[in-house]
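*Asks:* Submitted below is the structure of interest, expressed as structure tokens.
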Amino acid sequence: MSSEEDKPPAPPVRLTSNRGGNERSGGGVGVGGGGLGGGGMGDVPPDMRPLPKEPDDSDRKKKTLKSKIKGSKPSHTDSKPNISYPTNFEHTVHVGFDAVTGEFTGMPEAWARLLMNSNISKQEQKKNPQAVLDVLKWFDNTTKQRPSSKYMTNAITTHSGSSLSRVSSSSPSSTPTDSELHGSNSGGNLIGVQLGSMTLGPNANNVAVAGQILGNHYQQQQQHLLQQQQPLLHQNHNQHHMGISQSHSYNFVGHTVSSSTSQHSSANEDDMLGPQHPQQQPPPPPVASRPERTKSIYTRPIEDLQPAIIPMPVAPATTPATPLQNHRTPGGISAPAASPMMHNNATTTLDKNKNNANLYTPEPTVAQVSAGGPSSQVAGNQIAVPQAAVAPAATPNTRAANAKKKKMSDEEILEKLRTIVSVGDPNRKYTKMEKIGQGASGTVYTAIESSTGMEVAIKQMNLSQQPKKELIINEILVMRENKHPNVVNYLDSYLVSEELWVVMEYLPGGSLTDVVTETCMDEGQIAAVCREVLQALEFLHANQVIHRDIKSDNILLGLDGSVKLTDFGFCAQISPEQSKRTTMVGTPYWMAPEVVTRKQYGPKVDLWSLGIMAIEMVEGEPPYLNENPLKALYLIATNGKPEIKEKDKLSSAFQDFLDQCLEVEVDRRASALDLLKHPFLKLARPLASLTPLIMAAKEATKGN
């Protein structure tokens, strides 16, 4: 019986037959015990199909014993098949525009929310739907990319009188930036340390005001954040102020007030609009003179998704004045849809190997396909938008591979840094080091070089806290190899234990932003600044370098009126073989149309930005600064050259200079060398004429 009990039961059989004829009629087959038949039903003979082979007892024991042996691996036949995750699959999404109804069709929900908050009217959408789609794709992609910091451009600023400066700029950051920690207005980087970059004071009499005060919604959000940051800023009340520009990722969620407003932000709207008066309680710090959305941005090129340029993670951006990372808000006023909720939409298809090389699990981003590609098809009255694809999520194995590659990359970068930095102890070369600022990416000191008595700025960065160290190398090399009187001077660098020390020229005059927001410049002074910047640009372009982030934040001034270009964290090195770029880099309000529309571009993007900066010197702010960033991008793409307020008050030479800079057709736009010969520059006054403006800006902010 034991042998009978060990036999497996017979497999189930059909109780009815599908066969025709009289052989099988009505009945079925009963299954009994372990044998066949076991009692037939009617006249139907038992099913004669053979049972499965009975397993051999010896084989069963061998398998059991083998499974208990430690370290033994099951044979290929015994193990479950390893089914991999799908790769290179695509989820296509088509967005169209119905010209009859004036509505977009098939638009992702996140895009719809973004567009709803963009202040782009229905008429404007109907006028140029392709421009709307272009900026939506770009904007969405920017918010999802995990940007990396331009580490040597941190606006580390402590404030005199709890003042806040315009948050300068530039690149993306995965940690709270120094600009955020201290609200610096500095545009310079280590590349240029500035003194006295602070915001407008309530007693400033010669402020160049332009633009409008933003709505109540902006003010309420700003007030809330200011209340959060007040305790930290109060601690810095009496500290000395120096800025080193922070490169920032631009996340378009800045809570802002008009850059030209010289009033403090306080607890209510009336205080925002009227003069400030002493309060019994400590007054809240003033808002930044420029909104956070004046930060720079960096996205991947259309044709290149190499891991080296895939930015690092970043939390949603905060206002310029937000002191701590936990004070950040997940969504912005200007563009609430720029929050992480957009990360669920379809994105570019990433190659598996590139995906594995990332340092993080890629989140979906919008596909960046040119309008002329195969996915841009026009059907009927609809404008088709490029398809989008979803990259597969990274598996644990992928993440492990990512971490391994990241570690190897860090080792290579550190080895490269060792070949760049100087050997020795900087503490012996520099004395009287005084801490003047601290932020997420490092601490800034002023020091005296013992041998020369020259004052320098030293930034100390903990390399373990820098997620994209290769950008540090890029910036150091560009600065070291491109020395010019109009470029902030890189002096030296050292590796001290786990820290990188970078020594830069110290410019105490502050950034040009302080001057344009605090004072009124005449054409002679504007021409002088333009000439100096053009000399720097002509030098860089001749050496195949595009700056890509020209704006007043990145122009530093000496007390003698010297003008120097800084912030090379996002510069591009071009070559005859690769003379064009498509990476979205810069700050939206200063961006050239070809950058906004994702066309290939070259050095002339810097000349467009110079033209916008010239308008900034006239009006106190760039065009469209009071617009939602998404709408500003739309207006740049649609209108091209912006309108200039009171243009008739400008000289004909200045008007022509602006026309040459702001020519939409790149081939017709003047080069830096051409503009250096322009008659407008003959109006330039001596650089010493800038000194009174610098001192006036300092005086205006002194009481803040």
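Just so you know, glycine gets a Cβ as well, placed from its N, Cα and C.
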*Asks:* According to Swiss-Prot, region 'GTPase-binding' applies to one of these ranges: 83-113, 517-547, 548-578, 610-640. Which one is it?
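*Replies:* Comparing 83-113, 517-547, 548-578, 610-640 with Swiss-Prot, region 'GTPase-binding' matches 83-113.
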*Asks:* Counting each residue once, how many in the motif 'PXXP motif (SH3-binding)' (9-12) are helix, strand and coil under DSSP?
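*Replies:* Across the motif 'PXXP motif (SH3-binding)' (9-12), DSSP assigns the residues as follows: 0 helix, 0 strand, 4 coil.
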*Asks:* What's the number of neighbouring CB atoms sitting within 10 A of the CB on ASP549 (active site, proton acceptor)?
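*Replies:* Within a 10 Å radius of the Cβ of ASP549 (active site, proton acceptor) lie 33 other Cβ atoms.
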*Asks:* Among the binding-site residues ILE436, VAL444, which residue has its Cβ surrounded by the fewest other Cβ atoms within 10 Å?
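*Replies:* Counting other Cβ atoms within 10 Å of each of the binding-site residues ILE436, VAL444, the minimum falls on ILE436.
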*Asks:* Over the motif 'PXXP motif (SH3-binding)' (9-12), what is the model's mean pLDDT?
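*Replies:* On average, pLDDT over the motif 'PXXP motif (SH3-binding)' (9-12) sits at 75.
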